[in-house]
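Peer 1: Residues or ranges marked as site 'Transition state stabilizer' by TrEMBL: Arg15, Lys22. If you look up TrEMBL, you'll see Arg149, Lys204 marked as site 'Positions MEP for the nucleophilic attack'.
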Amino acid sequence: MRTVALVPAAGKGTRLGGALPKAFMALGGRPLLSWAVAGLRDSGVIDHIIVVAPADRLAEAQEIAGPRASVVAGGAERADSVRAGLAALEGAHHVLVHDAARALTPPSVIVRVAEALWSGEDAVIPVLPVTDTVKTIDEHGYVAGTPARATLRAVQTPQGFRVPVLRAAHAAALAADDLTDDAMACERHGVPVRTVPGDPLAFKITTPLDLRLAESLVAARADPRA
Ligand code: C5P
């Protein structure tokens, strides 16, 4: 039963405002991608890693990812990058799609997702309760509604899937340009998606504030996940 991790790392990272693509920006002197790959390896549940990198950084990504990893070129949108990674998957039963930007994800989260998959789930995502009240708004900026907070969850990665399930869901969602995660493709395809507890440390480094938070966590403790 091979479990493979697919790491989308082909984003530009414009919201972070750096000169480099986000996955290649430094955190504690190491690229974000290096942290994400280390967490996957430390989990002990991953047999192989496929990194999806910008087309002009394939060699650099391979060097960062190290052995038992391969690298493929990504696409314009995150879903295109995931599809490129899926096309390179051979012989795997399960795939964990894990954003390079969630660099400090504790290995325990990765283990929880893998174990739920191995127990027979088709799709598994790590989630956290939401602390803010969340509103939907209309196109004029007025509030349209307030979903009950108790029913809301913030979603992290890795998101785990049985390989044929994710392949079929992404193929069916080819025309969609609004996919913000992979579970969404499964939901639309009628696949039940199981939730497991996430971890605050699995936050996505998206803005300069996120990077400062990650830097301070790393400065306080060499490996905040240990
Ligand atoms: O843009 P966002 O923060 O949602 O990106 C999440 C992850 O997806 C990042 O690790 C980013 O590098 C990756 N990505 C990608 N290909 C894209 C866009 C984003 O691999 N075209």
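Placement of Cβ uses the backbone N, Cα and C atoms for every residue, glycine included.
Any idea what these are sitting next to in the structure?
Peer 2: Sequence-distant contacts of Arg15 (site 'Transition state stabilizer'), defined by Cβ-Cβ distance under 8 angstroms and a gap of at least six in the same chain, are Thr206, Thr207.
Following the DSSP three-state reduction, the secondary structure of Lys22 (site 'Transition state stabilizer') is helix. Taking a C-beta cut-off of under 8 Å and a sequence gap of six or more, Lys22 (site 'Transition state stabilizer') has these contacts in its own chain: Ala9, Gly11, Lys12, Gly13, Leu16, Leu32, Ala100, Ala101, Ile205.
All protein chains shown were included, and the count of other CB atoms within 10 Å of the CB of Arg149 (site 'Positions MEP for the nucleophilic attack') stands at 12.
With a cut-off of 8 Å between CB atoms and residues at least 6 apart in sequence, the same chain places Asp99, Ala101, Arg102, Gln156, Asp210 near Lys204 (site 'Positions MEP for the nucleophilic attack'), listed in sequence order. In the three-state DSSP assignment, the secondary structure recorded for Lys204 (site 'Positions MEP for the nucleophilic attack') is coil.
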Peer 1: For Arg15 (site 'Transition state stabilizer'), just give me the three-state DSSP call.
Peer 2: helix
